[in-house]
Amino acid sequence: SLLEFGKMILEETGKLAIPSYSSYGCYCGWGGKGTPKDATDRCCFVHDCCYGNLPDCNNKSKRYRYKKVNGAIVCEKGTSCENRICECDKAAAICFRQNLNTYSKKYMLYPDFLCKGELVC
């Protein structure tokens, strides 16, 4: 769920999901269109695509469990949906951490109308 995802983001990046990633660029937050603005925004695009591959799962509200083992996120065994959602969120949180050096405050609260075009997963 968004609760676990937010916790993962904080643990991996030291940033609060809201406001840091809730409306960043063209893809972080609800929906998305256009060309990702930077590597962090591309993390969100890939995360959206990952969720898009789980049409039968309630991605944003489905709770799951994970733990940290030697600093690494490990998704705990749950239902198929829980496991797959956790893996999508884990990949995004790690992607955010790997791209912290290019995170730019200018893309926070980025206006949707500046996001043009369509990308296909």
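Quick reminder: no glycine exception, Cβ is built from N, Cα and C everywhere.
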Exercise. Looking at Swiss-Prot, which one of Cys26, Cys28, Cys43 makes a disulfide with Cys95?
Worked result: Cys43
Exercise. Swiss-Prot has Tyr27, Gly29, Gly31 down as binding Ca(2+); which of Asp48, Asp56 does it also list for that site?
Worked result: Asp48
For this session: Determine, on the basis of Swiss-Prot, the cysteine among Cys81, Cys86, Cys88 paired with Cys50 in a disulphide.
Result: Cys88
Problem set entry | According to Swiss-Prot, the disulfide-paired cysteine of Cys75 among Cys81, Cys86 | Cys86
Problem set entry | Cross-link partner of Cys57 (disulfide, per Swiss-Prot) out of Cys44, Cys49, Cys81 | Cys81
Seminar exercise, completed: The answer, for which of the disulfide-bonded residues Cys81, Cys88 has its Cβ ringed by the most other Cβ atoms inside 10 Å, is Cys88
For this session: Measure from the Cα of Cys81 (disulfide bond) to the Cα of every one of the binding-site residues Tyr27, Gly31, Asp48, then give the nearest.
Result: Asp48
